[in-house]
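Reviewing the structure listed below.
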């Protein structure tokens, strides 16, 4: 046997100190931590120098120190030693206890005897009791102290586990076994009676004690000596086996060696059912052997009752806690978990659930393997704690993963919704289909299975759900096998996000549709309404109402067609339609208010247009034949019609008397009362002194009666100048076309020049001179355009002729001289006409009006310019 492989170690020294480090090294060196329940513990007790270590060395191949008989009989083993049996399966741990009744300890040895015996019975599966055969039947020398110690510690030891007591009787004598057995049984009964009395038990037989305490257990009879005589004490000790051995000096006879070999075979497969250590109930797993041994010895040292079931639970609690803590620590530092945790921070990780479940399963499986043999309730409780802590550790990553899946589903919803809308699908149908598909994808990713996915897809009306299943069949779930986390709250949040986004898109699409219709209304109403108001005719507001109704109905029809796919509820649709109607009216009202703000300018433009143009829209030439008064009256009447149109908003077809009141008050020059009150003789109430019209609400009033009166006064003051200019132009035209002197002047010249006329008739030279003068005057008349110079008045004509007379005469004489010499000179261009030489015949007076932004306080300056000469008056 390889004795060097037993690794013998002192477990407890002679002073009762537990060797924690030594046991730890022994467990590590002998590789006992992973054996589970596949190990057995054998201890031996007996008197000092009875050959216990020698027997163990021969049975198990250990190397415990043996007594040298040639040096005397003394204490060899001190305390408790431990070693591993060599060559025996399963793994067997052998404990060599210090011998009893040693002279080295003297009278104080009973304390350590009891402690070591209790320790051996608590942790051992098999206890060997070494006895001398010749002591059986003796009162003092029959090893009764040892048996008494065993039974005493039995009273303190409570355990449902059965421990095998194997009595090894050495130095067999010639006395047959059938004569030794009754004596041994009687001695054991006496020892029991002695031990049980101090424990308040009645003086009852040993078998009755066990039957009373454990009714299901019994004490059986005996068999022959070498045929495995068994006394079954089914409570704590399984059997008593008597084996006779002889020892002479330091060697064994061949028959004894043969018996030892036979006994050694009994320890092979000792933990199998029916074996020496077949009862595995209450056995501490090998990984907890070290801690259990320490705690048992601690309790024994403190002289407390040793409750092995409670101790078993305590050991299981501590060891399972240690195992769970170790697994959690390893999980925390696991490279795969750290990489997965880091990866999930940046985005969704394919196969997240499968990878994380595999990591958790690894450590939970390791825990199950290492804690398998511990107390079931404790093991399961600690496993639940480990699983809870592990899931608590990984839950943030799981939540992050679900967040990525939620974001991905939301982005997917946005993309597919946009694509569906581009294809022309209805908005409501697109939202419903995309919503079902994305929620299906999210549920599948969070907690679903492929079967659940197909079942769900089958229940959906949305055809896109089937596309999701087919296109994303490789999607890995985020669900974790070890957890039953509910992702419904996140799903509800995703659904809310989808609804919010869909609502925003719906609002944006509706707003866009409404904006398009409003834009069309702007284009269709703004310019026409403005043009109609500026025209200011009798049917202006009727035309505006027809235009407004036509364009509003067109906008409503376009809106109805555009929002068909939105599946709007009737109230929302009606509200939107009403908003469109209100918007169309607001455009008309806005343009009306803008036009009312520049009514004075429009009135003056209307006056100028009617006053300066005839019925054929040709510019008027004031020749003296026009009736300026009538023309002025017509122009002002048209302007007043425009003012009456601008006075109020008439989008509702309701009659009013604004025009009648304005004409009766402003055109007639009389002050009348409102028609609704009747007119009485002598009344002098001014209808334009009010701040409101009788038939018009204030919010529909554009120009109040007072403002109309003020505007008309300002209008008249600014248009009177145009009338004055027209009169002046007419007078100038008349004068320019009548250049001959008056008849009285002609008569005066005939009377006063009669003598000169007679003188000319008497002398022929005078007529010739007069003829030459006439020709010269005619040439000057034509050259200087005398009628044109006097067209703008006598003073202007005189000044112009005087300034041009001498140059024209010199130019005419030079030309005559050159023609007389035969060198005709090129015609010199005539000098430009003076400003006063232009005719007023083709004048058209166009008022250039300066626009003011406020009504009625606008100030307008009028300029009349000639179309030909540009002369400003």
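Glycine too: its Cβ is placed from the backbone N, Cα and C atoms.
Keep in mind that what you see is a predicted model, and the values were worked out from it rather than measured.
Note on residue 51 (GTP binding site): other Cβ atoms within 10 Å of its Cβ, all shown chains, come to 25. The GTP binding site annotation in TrEMBL covers 46, 47, 48, 49, 50, 51, 52, 53.
The compositional bias 'Low complexity' annotation in TrEMBL covers 850-866.
What TrEMBL lists as domain 'GB1/RHD3-type G' is 36-214.
The region 'Disordered' annotation in TrEMBL covers 820-839 (among others).
According to TrEMBL, the region 'Disordered' annotation covers 848-873 (among others).
The topological domain 'Cytoplasmic' annotation in TrEMBL covers 1-740 (among others).
Per TrEMBL, the feature topological domain 'Cytoplasmic' maps to 786-873 (among others).
For 765-782, the entry in TrEMBL reads transmembrane segment.
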Reported mean pLDDT - the topological domain 'Cytoplasmic' (786-873): 54
Among 46, 47, the one of these binding-site residues whose Cβ has the fewest neighbouring Cβ atoms within 10 Å: 47
Least buried by Cβ count (within 10 Å) of the binding-site residues 49, 50, 53: 49
GTP site shell beyond 46, 47, 48, 49, 50, 51, 52, 53, criterion: Cβ within 8 Å of Cβ centroid: 67, 99, 130
Surrounding CB atoms that lie within 10 Å of the CB of residue 48 (GTP binding site), all protein chains: 20
